[in-house]
Every structure is written in C-alpha cells, then in structure tokens.
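Asks: Sharing a structure here in structure tokens format.
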C-alpha cells in the first residue's frame, strides 16, 4: 500500500522545502504542486550544482518521477515554458514527465501590470508581492471571470472572454493607476502560441492521482511559500493569495484530506521573512547580519535580501496545529555554528505585560515583545553531519528543546545545501 506525504513550509517561506522534496522523491511515483505560482523559488543543490525551480515540482530532477501541477496553481505560460526550456538544456526530459490540470487559472500580462501598479501606488505601505501577477490572477478566479489553461484550446471563446477581461482591467490600469493599456491582439496572439505548446501537457490531474492511490503508489505533495503566508491563517494582509497550509491540497488537487498519511513541516533553525509584515524576532544587529550572510539569505525568485531573526516557537506551534503536522524537518542548522548563545522565542508579551499566543492579523502584532529563552551555542561545525551523534552536544540540546516547545518530533535535520547533507531519524515514507 502506498503512502501519501505532504512537504510544506511552517514559517514565512524559504524554509528549504525544495531540497527535502528532492531528497524524498527517491521513494515517490509522483510529486504534485497544488497552490501558488511562479512566485515560489525552490533551490536544489545536487553534487554541488544549483537548480532553482519556480513552477515545476522539485521531483523533476529525479529520473522517472512524474511531476503534476494541480488546479490550485496559477500558471504563467511564458514563465512555465522558460523553465521547461532551461531544464531541457540540462538534458532533463521535462515534457515527458510534466502534466498540468487544464483547470489551472492563467496569469497573463494584465495581471502582472495590475500587480506592479498596485505595489507602486501603495508606496511605503506595499504588501511586498513578487510583482508577478499572482494575486490578480487569483482575484479573477474567485470573481469567476478568470481564464483557465483549458480555455486556450477554444480560440473564439477565449478571444471573447479575453476581450471582456481587458476592457475591465484596462479601465482600471489607465484611469486609476495612469498606466498604459494592455494590447488585445498582442495578448491573444501570444496566448495562441502558448496553446500549441501546452496542449500535449494537459491531464486530468485529480483522476490521475486517485488512479495512483488505488494502485498503491507513493505520492508527494509539494507546498510553496509557508504557512504564515496563508491567505486565511497568515499575517493578513501581508500574505500570499493562496492556501499554503495542508487544507490547500484538497482544493488545489482534488485529493481528499483523509488520504494523506504524513505531513512534514519544514522549518529553519532560525526565522526569515521576505518583504513587509510583522516579524517579532527580527534582528537588526550583528547576529542578524551573521545569519543573513552565513545562510545566503536572498530570495530565489526575487533576489531580495531576507529579514533574519531568532527561532520563533510561538508561530511554529500555530503552524503545527493548522497543518496537523506529523513531524518536522529542521533546516540550516549549520548556519548557527559559531554563535556563543542562541535565543528561542517562547512567547509574546503585550503592552500590559501579559504573555500571549500568536495573533491572527498583522495589526495585532503591534507593540508585542518577544520573550526569549537563551541556550548555549556551539563552536564545532555541523555542516554535512549525517548522524545525530556527529552533532555537538549543544546542538542536540537545541534540537530537543525545540521539540519540547513546539510539541512535535524533529524527524529530519538538514546540515547543508546538498541532498546528502541530511540526518533522517524517521522517514516519512517509512
């Protein structure tokens, strides 16, 4: 009987999901993306060679693994095709193994224009989006006016819908944001080119997943971004536009929650965030700079510097509950090597002096102060360790304390960027 495993982020994204998905796909028949778009950036390092993926599931680098994009993913055809070509130049037969749901909403040029115009208009109050049209595409979906990949294969119907959409969005772009209009004919011609290239990749992903389930195959679901960026459960409004939590699997792929066997939560040994929004443990001192430099904390998608801070057990406890986490993978432990002391946030103190749990919206974080528990650091290197016994005693104590504070076992520890630099204590597919 097969196992169905989920890998998702438990913080604000950039936790190191790509490496772990790649590691675990050795046991998987298929890897599935179920939400987000090309705002994700999953970095894989195999034998020292770095590959960054945005839309295509991380299983693409494992020979024979099928890669599926479910209906919950918003797809920018130009970005997808660029990614396919780049991988094919490395000798990876992407088109043989990649299949996409025709129900995926399309991201087109007017979505990008709207996204960037809004961020520009917000000025210092911008959300911090990637400017890639993700939010506007999801808005069109929810408003029931969006175009899907399947619409591309019906030219007349597609052209009529596109005309209506451009009338609507161009009115806003030109009259409200004072930006240039998007050209109808140019957009239509581009889309018809996409149609010819994408048609061979179409598949009823939901039906395929259930066929695999009945056949006893092992399936992995790959989350993008992190739980604290979830549109419903994140630090609203500084969130993404999709459900990044485990609930997004059912809606984004058609695979019901009762079929899931194990949910692996990826969490850094410290905390990072890209863009705007609350971040209680953020550091503005030498330690923050140390973490950023040692951890190479720059976004794989945008190149933006990530904000860095101490590990936050409060937000992780919330993420564990929301996602029904079975076990954790602690990544970038080696980045903490050399610190004399390490702080863990165990609570938030409000202006009245009361210690409270994680708020559910951004404004409620105002005035909160992190309550820290201090632990000894270690001077020895943890880089590349493959067993728990190889780690310094202080590092093992840190891991144990994190488990105690968050109420979940740490089943995997990542000690470096390469897939081999990993300690596996309990295998999700085991």
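Here the Cβ of each residue, glycine as well, is placed from N, Cα and C on the backbone.
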Asks: In Swiss-Prot, 14, 15, 16, 17, 39, 40, 41, 42, 130, 144, 240, 304 are given as binding IMP, so which of 66, 225 is in that site too?
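Replies: The one candidate that Swiss-Prot places in that IMP site: 225.
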Asks: How many angstrom lie between the most widely spaced Cα atoms of the IMP binders 14, 15, 16, 17, 39, 40, 41, 42, 130, 144, 225, 240, 304?
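Replies: So the binding residues stretch over 34 Å, Cα to Cα.
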Asks: Ranked by the number of other Cβ atoms within 10 Å of their own Cβ, which of the binding-site residues 19, 304 ranks first?
Replies: 19
Asks: Using Cα-Cα distances with a 10 Å cut-off, which of the recorded positions 14, 16, 19, 333 are near residue 42 (active site, proton donor)?
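Replies: Final answer, ordered: 14, 16, 19.
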Asks: Within 10 Å of the Cβ of residue 225 (IMP binding site), how many other Cβ atoms are there?
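Replies: Here the count is 28.
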Asks: Pick from 13, 16, 303: which of these binding-site residues has the biggest number of other Cβ atoms within 10 Å of its Cβ?
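Replies: Comparing the binding-site residues 13, 16, 303, the most crowded Cβ belongs to 13.
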Asks: Which of 305, 333 (the binding-site residues) has the most other Cβ atoms within 10 Å?
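Replies: Comparing the binding-site residues 305, 333, the most crowded Cβ belongs to 333.
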Asks: To the nearest Å, how far is the Cα of residue 333 (GTP binding site) from the Cα of residue 41 (Mg(2+) binding site)?
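Replies: Rounded to a whole number, the Cα-Cα distance is 20 Å.
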